[in-house]
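Here's the structure, in structure tokens; my notes come after.
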């Protein structure tokens, strides 16, 4: 089987994105399993190599088919969109935000055209995007906008623990208000379809509880009885294999041990804490509901260490590996 082509947008050039890209691609294993193609700026990549003490060749191409895809060589579609003399490492800049956006935009164009098999993204900075006038708050929103996808789903995976999120970047108070029967049912249907597109044909789901001990039949809250349980019952009527609500202090442990194929977390930090405590560096984000496969590192731009060469590339390597794992079975719309 031919190795999949994985597009890697370099991320915010003022952050650690370029450094983790060159570090990951210095690992020959990435070339044994994939054909990595970086979308970015040649000067930024060479600077990142200098930060990390690496010497790799940069082979610029205009389309994926021109890549060499061999160890020691970084194949790059050079957008030449960063003025290095003006770039300040570890700082929010409109130029950096615009460059990061253009890298994502090009990667999506390649994926939509079927020229790459997946995208593995690197960190971007929301403030830099805002400074550049980009009207989207993060990767998921940008990818949805560029591909025309409505409300893409975020899934975290660490080892065999997969976690979906009923809500993302909203306050905890608002997240509780978003726990409704209608929303939970909609997400169970969509999450099931998302896993099937990744090759998990008959997934078993668990829904996490919201309150302590899943509410103890109304003693500590009634969302489980009044909202979640009816959603689970309705999902079962549609043929979805789902259990719950399972108390949040145990459901993720059982998921890690293989009791479920995926868990629906009811708010952002509930699932984030669970996955990152298993292994912070090896937690990978997967965006479902797009017309292409996208994985991502699960950390930010780390401005505090940008330019030091200290950033770990483990999450980048794991994002590439997971893209390779799902690419053969991924089903487009």
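For all residues, glycine too, the Cβ spot is worked out from N, Cα and C.
According to Swiss-Prot, the residue from 145, 169 that belongs to the divalent metal cation site alongside 213, 268 is 169.
Ranking the binding-site residues 139, 169, 268, 276, 294 by other CB atoms within 10 A of the CB puts 169 at the bottom. Listed in sequence order, the residues of the same chain lying 6 or more apart from residue 140 (substrate binding site) and placing their CB within less than 8 Å of its CB are 152, 154, 168, 287.
For residue 276 (substrate binding site) paired with residue 268 (divalent metal cation binding site), the C-alpha to C-alpha distance reads 12 Å. Residue 139 (substrate binding site) sits 12 Å from residue 169 (divalent metal cation binding site), taking the C-alpha atoms as the reference points. Distance from the CA of residue 294 (substrate binding site) to the CA of residue 213 (divalent metal cation binding site) is 35 Å.
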